[in-house]
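Peer 1: Swiss-Prot lists these features:
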type: TOPO_DOM; residues: 1-38; note: topological domain 'Extracellular'
type: CARBOHYD; residues: 4; note: N-linked glycosylation site
type: CARBOHYD; residues: 17; note: N-linked glycosylation site
type: CARBOHYD; residues: 20; note: N-linked glycosylation site
type: TRANSMEM; residues: 39-59; note: transmembrane segment
type: TOPO_DOM; residues: 60-75; note: topological domain 'Cytoplasmic'
type: TRANSMEM; residues: 76-96; note: transmembrane segment
type: TOPO_DOM; residues: 97-109; note: topological domain 'Extracellular'
type: TRANSMEM; residues: 110-130; note: transmembrane segment
type: TOPO_DOM; residues: 131-149; note: topological domain 'Cytoplasmic'
type: TRANSMEM; residues: 150-170; note: transmembrane segment
type: TOPO_DOM; residues: 171-198; note: topological domain 'Extracellular'
type: TRANSMEM; residues: 199-219; note: transmembrane segment
type: TOPO_DOM; residues: 220-268; note: topological domain 'Cytoplasmic'
type: TRANSMEM; residues: 269-289; note: transmembrane segment
type: TOPO_DOM; residues: 290-305; note: topological domain 'Extracellular'
type: TRANSMEM; residues: 306-326; note: transmembrane segment
type: TOPO_DOM; residues: 327-372; note: topological domain 'Cytoplasmic'
């Protein structure tokens with residue numbers, strides 16, 4: 001372990017601060033708190049798996065929902081599903097037992113899978129953000145389902161290329177019990193540190209910077225468009241009600257409706273971005289400190305800090321389906337349809353009756369309307 005190696009100074013520091021490094025994890029958090037966190041993490045696993053599975057099922061079963069944006073969202077959901085299944089249960093078990101029961105090789109594999117699926121999820125969120133920027137700011141809607149599939153395939157390959165070196169032993173992966181999960185450990189090797197910096201920049205700092213700039217430009221464009229549409233509507237008078245004036249009025253109304261739809265879609269993506277930032281900023285700082293600061297890595301608070309930041313990073317997998325259910329009406333309807341009949345509180349209203357109750361409802365799913 002990194003805290004037991006390297007130099008006399010590190011050994012002296014370890015004797016003074018962590019007299020039993022291999023068992024330090026068992027003394028950092030009380031047993032009731034560890035068990036509670038593990039139970040909550042298992043619940044997060046179930047909720048994240050079920051919620052993201054619904055997203056994938058909706059896109060798979062309904063051809064009208066296979067637009068470019070929905071394919072991207074389904075890929076994001078799939079990466080969260082794999083993260084929930086491949087990493088979270090083992091972290092929960094380690095939290096309870098304060099021991100890693102799955103071997104050193106699987107420890108390194110689990111750390112690689114963790115970063116791999118996180119990288120893919122971040123890449124998809126970045127692609128969606130750039131697509132929203134091109135549509136709203138540049139007025140270029142170039143992303144079709146075929147191109148989306150190619151971009152998704154490329155993102156999987158790039159994510160594996162970035163996360164893969166940790167599987168081959170490029171950097172130190174620390175086995176619990178110093179942390180509730182196999183994490184990047186302290187190292188003084190320049191190559192290992194360079195890899196960790198590349199990994200953290202690719203996971204958080206670079207996507208965060210690009211998405212932040214994109215959203216600032218989008219907000220500015222939406223604000224200007226809203227002011228222009230409002231001013232044009234206020235300037236109408238009866239003298240403009242000619243044939244040309246009516247056509248211009250119809251175009252303005254279409255712009256207003258399109259602006260409203262794009263603003264709502266952008267708001268949903270913006271909420272996902274905020275959730276990503278809040279969940280991953282602490283983990284990114286923690287990863288850098290673990291590799292560069294021996295005082296932090298060998299300190300008595302490392303286990304508690306690891307538990308908190310890992311728990312927060314997993315929360316993002318649960319956060320996305322909650323946002324979909326809150327913001328997307330079709331997602332809520334699909335959840336109700338997928339529930340077994342015995343668990344449905346309200347009876348399902350047939351489509352013909354829904355048309356009579358709400359005649360204005362348009363049952364058309366084109367590429368734009370089926371997106372979030």
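Including glycine, each Cβ sits where the backbone N, Cα and C put it.
Note that this is a predicted model, so its numbers are computed, not measured.
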Peer 1: With DSSP helix as H/G/I and strand as E/B, how many residues of the topological domain 'Extracellular' (171-198) fall in helix, strand and coil?
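Peer 2: Breakdown, helix to coil: 9 helix, 4 strand, 15 coil.
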Peer 1: Per the definition of 3+ C-beta pairs under 8 A with sequence separation of 6 or more, do the transmembrane segment (306-326) and the transmembrane segment (76-96) touch?
Peer 2: yes
Peer 1: For the topological domain 'Extracellular' (97-109), provide the mean pLDDT of the predicted model.
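Peer 2: Across the residues of the topological domain 'Extracellular' (97-109) the model's pLDDT averages 86 on the 0 to 100 scale.
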Peer 1: Is the topological domain 'Cytoplasmic' (131-149) packed against any residues at least 6 beyond its ends, judged by a Cβ distance under 8 Å, and which are they?
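Peer 2: For the topological domain 'Cytoplasmic' (131-149), the sequence-distant neighbours (Cβ-Cβ under 8 Å, at least 6 residues beyond its ends) are 66-69, 71-72, 214, 217-218, 221-222, 262, 265-266, 269, 367.
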Peer 1: If you count Cβ pairs under 8 Å, which stretch among 39-59, 76-96, 199-219 touches the transmembrane segment (269-289) the most?
Peer 2: 199-219
Peer 1: Count the residues of the topological domain 'Cytoplasmic' (131-149) that DSSP assigns to helix (H, G, I), to strand (E, B) and to coil, and report the three numbers in that order.
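Peer 2: Summed over the topological domain 'Cytoplasmic' (131-149), the classes give 11 helix, 0 strand, 8 coil.
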Peer 1: The transmembrane segment (39-59): which same-chain residues, six or more beyond its ends, come within Cβ distance under 8 Å?
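Peer 2: Sequence-remote neighbours of the transmembrane segment (39-59) are 65-66, 70-71, 73-74, 77-78, 80-81, 83-85, 88-89, 91-92, 95, 311, 314-315, 317-318, 320-322, 324-325, 330-331, 334-335, 338.
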